[in-house]
Amino acid sequence: MARVAINGFGRIGRLVYRIIYERKNPDIEVVAINDLTDTKTLAHLLKYDSVHKKFPGKVEYTENSLIVDGKEIKVFAEPDPSKLPWKDLGVDFVIESTGVFRNREKAELHLQAGAKKVIITAPAKGEDITVVIGCNEDQLKPEHTIISCASCTTNSIAPIVKVLHEKFGIVSGMLTTVHSYTNDQRVLDLPHKDLRRARAAAVNIIPTTTGAAKAVALVVPEVKGKLDGMAIRVPTPDGSITDLTVLVEKETTVEEVNAVMKEATEGRLKGIIGYNDEPIVSSDIIGTTFSGIFDATITNVIGGKLVKVASWYDNEYGYSNRVVDTLELLLKM
């Protein structure tokens, strides 16, 4: 039985817990949560979700714990991870989902506290490995202690990049993620170090940065230096789409690109990348468990070598499923 703690019970932390609850894997037990607020608030936010709706179990709380279906989960509000009682609680894995402890030095604070491994739900620095399932999960090793799951956007497109590069050879490319707003934006016009993210999230189209394109090269090293991109934040709470345009070496057609991707989604990427051939919109993919859903209706090819593809993704729930998948892979080692 793996004992798991979740550090940061925000959008991703709560969904990771929900997915663990839904899967009912007998080998995983969430024993602790650390977040800088009170248990009443955490219980309410777990129970009610504006996007993913009401939690499927019974949620109660005490001063120092959450109680889900009668099972107690210890709750802490400690800003310094090195002071958390991971050793006393026998914590094997920490899901690091604060967005704060993203480099090796900070993530190691959990190890100092007694945890055995840390899974970071964001791009990281100094990690042992960045894992995107569908690309390089076979490189996970038992000795890895600090693991990054990259970003939701990287997960949405990297497996597709890998397939396209293997089949057609990517020369260069640009991606744009049209991304729902997140809590790293302001609800109203208020200060932010990114002056565009300082503007009201629900009433603006907001161009900003993404490291997703360059991060793809961490898991598909063959395209290192060949991709870049940007993000456009839009006034939706969840559901995003990554638009990728690449120049390829081998001439192709729309039909061939779609056939190659359909084969991949039914084979090695089954359950990771979905395939769509209907005129869907973003709300249609909320609650889907895929890292991305390849949209065959959007595929375009000009001159045989300029290829555009698109991948829908639930940037919260789909990504959180991959985090739990990564945890389950580590359990088997």
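Using the three backbone atoms N, Cα and C, a Cβ is placed for every residue, glycine included.
Database features (Swiss-Prot):
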type: BINDING; residues: Arg11, Ile12, Asp35, Thr121, Asn183, Asn315; note: NAD(+) binding site
type: BINDING; residues: Ser151, Cys152, Thr153, Thr182, Arg197, Thr210, Gly211, Arg233; note: D-glyceraldehyde 3-phosphate binding site
type: ACT_SITE; residues: Cys152; note: active site, nucleophile
type: SITE; residues: His179; note: site 'Activates thiol group during catalysis'
Length of the line joining the Cα atoms of Cys152 (D-glyceraldehyde 3-phosphate binding site) and His179 (site 'Activates thiol group during catalysis'), in Å:
10
Long-range same-chain neighbours of Asp35 (NAD(+) binding site), Cβ under 8 Å, sequence gap at least 6?
Asn7, Gly8, Phe9, Gly10, Gly13, Leu42, Val75, Ala77
Here's one to test understanding: among the recorded positions Ile12, Thr121, His179, Asn183, Asn315, whose C-alpha is closest in space to the C-alpha of Arg233 (D-glyceraldehyde 3-phosphate binding site)?
His179
Pick the one among the recorded positions Arg11, His179, Arg197, Arg233 whose Cβ has the fewest other Cβ atoms within 10 Å in this structure.
Arg197
How big is the Cα-to-Cα gap, in Å, between Arg197 (D-glyceraldehyde 3-phosphate binding site) and Asn315 (NAD(+) binding site)?
18
Using all protein chains in view, find how many other C-beta atoms are within 10 Å of the C-beta of Gly211 (D-glyceraldehyde 3-phosphate binding site).
17
List only the single closest residue to Thr153 (D-glyceraldehyde 3-phosphate binding site), chosen from the binding-site residues Arg11, Thr121, Asn183 by CA-CA distance.
Thr121
Residues near Asn315 (NAD(+) binding site) in space but at least six apart in sequence (CB under 8 A):
Cys152, Thr153, Ser156, His179, Ser180, Thr182, Asp238, Gly239, Ser240
Just the number: how many Å between the Cα atoms of Ile12 (NAD(+) binding site) and Gly211 (D-glyceraldehyde 3-phosphate binding site)?
19
Could you tell me which of these binding-site residues, Ser151, Asn183, has the greatest number of Cβ atoms within 10 Å of its own Cβ?
Ser151
